[in-house]
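As recorded in TrEMBL:
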TRANSMEM  A:6-25  transmembrane segment
TRANSMEM  A:37-58  transmembrane segment
TRANSMEM  A:64-84  transmembrane segment
TRANSMEM  A:96-114  transmembrane segment
TRANSMEM  A:145-161  transmembrane segment
TRANSMEM  A:192-211  transmembrane segment
TRANSMEM  A:217-238  transmembrane segment
TRANSMEM  A:245-263  transmembrane segment
TRANSMEM  A:269-292  transmembrane segment
Amino acid sequence: MDLSSINPILLVASIMVSATPILLAAIGEMVVEKSGVLNLGVEGMMITGAVVGFAVAVNSTSPAAGFLAAAVAGALLSLAFGVLTQFLLSNQVATGLGLTLVGLGMSSLIGKPYEGMKSPTLPKLDIPLLSDLPVVGRMLFSHDLMVYLSLVLVALVWAFLKYTRAGLILRAVGESHDSAHALGYKVVRIRLIAILFGGACAGLGGAYLSLVRVPQWTEGMTAGAGWIALAIVVFASWRAGRVAIGAYLFGGVTVLQLNLQAAGADVPVALLSASPYLVTIIVLVIISALGAHGAPASLGRPFHASS
Amino acid sequence: MIANDDVSFDIGRGEIHALLGENGAGKSTLVKMIYGLVAPDKGEMQLDGARYAPTKPSEARRAGIAMVFQHFSLFDALNVAENVALGMETPPPMSDLARQIREVSETYGLPLDPGRTVGTLSAGERQRVEIIRCLLQNPRLLIMDEPTSVLTPQEVEILFETLRKLKAEGTSILYISHKLEEIRTLCDNATILRLGKKVDTCIPSQSSARQMAEMMVGSSFATPEARGGTAGEVLLAVRDLHLPAPGAFGTPLRGISFEVRAGEVLGIGGVAGNGQDELLSALSGERAAPAGSIMLDGKDISRAGPVARRGMGVLSGPEERLGHAAAPDMSLIENGVLTAARSEGMLTRGFISWTKARTFAEEVIAHFDVRTPSPGTAARALSGGNLQKFVVGREILQSPQVLVLNQPTWGVDAAAAAFIRQSVLDLAAKGAAVVVISQDLDELMEVSDRFGALNEGRLSQTPPVASLNIEQIGLMMGGAHDMEVAHVDV
């Protein structure tokens, strides 16, 4: 094995790129779950975002338009979930699973003509001073805009939930929808907004995969990233900071094991490929075992104003 | 269903007005209309002479109406200040709010720390959160829906002092209850509802509890017969039972010891959340207890599960009717099978005899006057009182040796409650040992031979009821350390 073939600067840089799609999807899903809704359709919304973002970016030659379209597509798909579960009171687990199947199927249909094409991608930012710093400049400050936006989004979600009244109401709805209703809050409306936000975030995460990380369209390219995002939310005990840790950990181990494979490490490839999943779950299980779990008390329970 | 039919009444400024009625008399629907949660089909309300028709609670709050709910609308995982903020229209920043909460809680003698997580508070403290949430908005009318059902006698005194102080400041209070003595000591006027109609008004301080009870029920009902039976051998003995809390918001059991003899009823009181549910699950076998801590007739049953204990004649009826005592979406027949399959011989080689199951359910229904369209009706579809009669009756009809009941008459109307209590007494008279856990002290005084109180998972001594007065009971419920006493600055 030749460890010197691994460049630490490139390693850290690619970790950030690899973590971003999962981080986007997970922070969105965290908000959804904080409002008391369990949307298992993250994978479906991600891949829909990936294909729609790719198609729009190719046709308009604008990656920004692609990201925007991906967010809208993810939100629209989640709206279907919202209407089904919040108004028609369908089962959240079954509907979420259905959403994933719809997303996977629909994306391969839409994506067929785009296979093998190359998309315009986001430019790397050249931040004055910061990007020119030795080592850290290339590691941390020479990425595309979405990497930083995703981190800003995590901070915003954290502050929103902790300090704003709207965030308090969202948490209250997730804790006890009956009490929130008794106090006169619009449970269904608040949950729909959260669901839409979650859908848009998952769409952005998908588009980041097809427009920046790969950047290409291949069928089923999310490869379980949506499920990892879901698991990260749970093991991160519904806290924004821990979601970021989980996403970066998963991204980090993914990139590291690819590098190790390339360097010819003397470990079975199957084990290396499984390692991101194992390490993320083990670390987050330890974190959540140390502290309170804090699952929103109304998570996954259907709400109707009459009961 | 008509919950309210042509009801009218008025409340003066600085008046404490009682709304009195049985469960299902329409009290809650009436106050929900005042609070804007339900819109009336007909009629109108006036507030200070102006027409008042709130379409949502926030409108009611803006008009100066605040409400303390019977089942607290609180969020366990949030802290006191956050809970208070959620109930306000325009809350100040959190740091100011915390200071205001401290101020109001000192002024009205309701000690409360704004930073505490609500899930860790006692029922009395939770109610203070609700009251303070209301008081911070300087309400003109405060609605209180059965505020004392979860309080110790001492806590009730603190609450009444607060309410009297509010009244002196000109706040009107609409006080909903079916506890007659409280209404007599606190309220200026009373409106009595029965089956959604206003049947009478009275001045509580000039009426006897008996008169008000008759207006409320509309007919006299049987009070359980007193009896002086002799107790037999010790059937159930609990010795130094320790059990850790089942979850983050549960209560650990700390060294509980008591004995119940054949033919005896042991009443266990205490404020909700002091280990009642945990004690029931330890006695029913849902949670295994340390070996040697629970003995039936001299035999150790601590490690036996619920089915084994049922086989030995130890039956139980938990508090939560839907979801714990009964499976909500299963029929009464199926719910009967769930606990009585073995003792009533409904099983042959693992197959259920539905004929026997139906007969058993019909027996319970007939014997305990359960109002249901048929034994095939889902448990969820029954009213609370009727389902309660079914789940208690189901256990009693199996003629248990030991019966443990938690809140057997919670939310049940007076006539049905009296019937359930009588059945418990009859069962004891036949030689069973009965443990009744309840928060209704009057009930415990009526049915128990001996009384003990739970406080933070510890059980007091269990002296004979006849030797106790209300002060002593209050102290037992308060446990070793005394309640924080109210300091009201008038």
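Note that Cβ sites are derived from N, Cα and C of the backbone, with glycine treated the same way.
Sequence-distant neighbours of the transmembrane segment (A:6-25) (same chain, 6+ residues past either end, Cβ-Cβ under 8 Å): 42, 45-46, 135, 138-140, 142-143, 146-147, 150-151, 153-154, 201-202, 204-206, 208-209, 212-213, 225-226, 228-229, 232, 243-244, 247-248, 250-252, 254-256, 259-260, 263. When each of A:37-58, A:64-84, A:192-211 is checked for Cβ pairs under 8 Å to the transmembrane segment (A:96-114), A:37-58 comes out on top. In summary, the transmembrane segment (A:217-238) does not lie against the transmembrane segment (A:64-84): fewer than three C-beta pairs, each 6 or more positions apart in sequence, are under 8 Å.
Contact count against the transmembrane segment (A:64-84) (Cβ pairs under 8 Å) is highest for A:192-211, out of A:37-58, A:145-161, A:192-211.
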